[in-house]
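Colleague: Just lifted these from TrEMBL, have a look:
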type	residues	note
TRANSMEM	B:21-44	transmembrane segment
TRANSMEM	B:50-72	transmembrane segment
TRANSMEM	B:114-133	transmembrane segment
TRANSMEM	B:139-168	transmembrane segment
TRANSMEM	B:180-199	transmembrane segment
TRANSMEM	B:230-251	transmembrane segment
Amino acid sequence: MWKKCKRYTFLYGKYFSNHLKVMMEYKADFFIGLFSVMVQQFTALFFLKIVFDHIEVLKGWTFYEILFIYAIAFLGRSIHHIFFDNLWTLGWQYIRSGNFDRLLLRPVNPLFQIVAERVQQDGFGQLIIGGIVLTIASVNLEIEWTVQSLLLLFVFIISSGVLFVAINLFFITFSFWMVDSLPIVVSVFQLSEFAKYPLTIYPKAVTLIITWLIPYGFTAYYPATYFFERESMVAMALITPAIAVLSFVIAYWFWNKGIRAFTSTGS
Amino acid sequence: MRKYLELLKSQIKVETAYLAWYWADVVSTLLRLVIMYFFWVAVFQNRTEISSISFESMITYVVIAMMLENYVSGAGNEMARNIKNGDIALELLKPYDYLTKLIFMDLGSKANSFVRTTIPIFLVANIFIGIQAPVSFEVAILFLASMLVGILIGTQIDLIIGVLAFWTVNVWGVRVLREAIVKFFSGALIPLTLFPGWFQEVSSFLPFQSMIFVPVAIYTGQINMGPDALIAFATQLFWLAVLFVVVRVVWTQAVKKVTVFGG
């Protein structure tokens, strides 16, 4: 197990250093991508700011509370975007083109190969903006940080990233049966937009769906409320890591099922 | 003209070939609409208006703007792709005007957009949300004209972005940037009248508000019928003419670059 870990870490390092070389080759690209993604995030924030210039609270939520939720969503999403972006391309870049067979021939986990084959540098823009927004929001909310709460925040952000990965992995796996399930993934991903706002603004049915069916609610809203000084849903926040792990396990189990279905039709 | 119409038709066929994408577009659009609706309901909780815009008027603005947003881009993507993979050299040899071809293919895409996004939005907005109708027949006519000009302006801006692919390899980044800027300044998300004064000042000198804000504001009555509306419409026409010329100039420069590369 330890040996395997070491080998995969080594391999990822190799892939990563190759990416760095490519990135440095096209420096302008890197900065255009970084800048564009930051502007894009900024648009969403500016929109919120304009609205809050005219109102004080949004159904009981203040501007900085919503910013804080946004920030956690940005950070979780950026983890997914930087390291796992290649998942989107499973259908058209691997299965349709027959590239997936190439991955199966190697003695390395195919999911690892797909993930490692691309680092999406534009995601760093999201990471930067997320960090800035989080700082601004927590200063204004006067959150008292302790080692314990910072650690918890870190765990929440990682969980958020894992959730994005798990949900995408689950739905992209359908590609093994239908060649390319990207349209489904894109539709489902659209649901994550709901999670940007406090879930209390939606009717019960919507909240239930993005909490228990497709758990985007845990990518930002539930963990964020933990840090607000009001009777928040502490329990919901604290089960976030468990939900993330569970989702990933389900998605990975489904993925393996998909691979088996795929290989059996291949010959 | 005939050949361009054929291109338009073939584009419609290509896009409808992927039924899964059709449903994905419909679903995504409706989800966006739902989020938007509940967001605004929450904003209007405990108040009847925001800087003298009523809830009904705001929702009407947002929904119409959402419909238009799907039409203000597209043509540049194909161009950027052609440039990136080198097909552009072949395209230039073909017996049609490349820019006109793109515009017609784009119209084909937009016909699809109409089915995939406008109709679902329109149906849901009418059945569940309830949006206002234009106050008069003249408003409706001017809205349609203004909308058309707005769409054409969007296409020209998109083509400029497409041409940029000659200089920047990363077209994706530039496209994200364009999307963000357009969303910002066009009034796609929120009426520009809610923005701070300085922002309105800046955007009044830019072509973007002609794309979405002007037509929608004519529809919702934020721009009054009469001289105001006519001036706004004239400004749109002005921008369309300017951008049309700019695209052709930038394009000619870019094509020279291709010939240089070609040796």
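Backbone N, Cα and C atoms are what each Cβ position is placed from, and that goes for glycine too.
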Colleague: Are there 3 or more C-beta pairs under 8 Å linking the transmembrane segment (B:21-44) with the transmembrane segment (B:180-199), counting only pairs at least 6 apart in sequence?
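Modeller: Answer no, regions not in contact.
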Colleague: Quick check for me: are there 3+ Cβ pairs below 8 Å between the transmembrane segment (B:21-44) and the transmembrane segment (B:230-251), leaving out pairs under 6 residues apart?
Modeller: no
Colleague: I need to check the long-range neighbours of the transmembrane segment (B:230-251): which residues 6 or more away from its ends have a CB within less than 8 Å of a CB in the stretch?
Modeller: 99, 142, 145-146, 149-150, 152-153, 156-157, 159-160, 163, 207, 210, 214, 217-218, 223
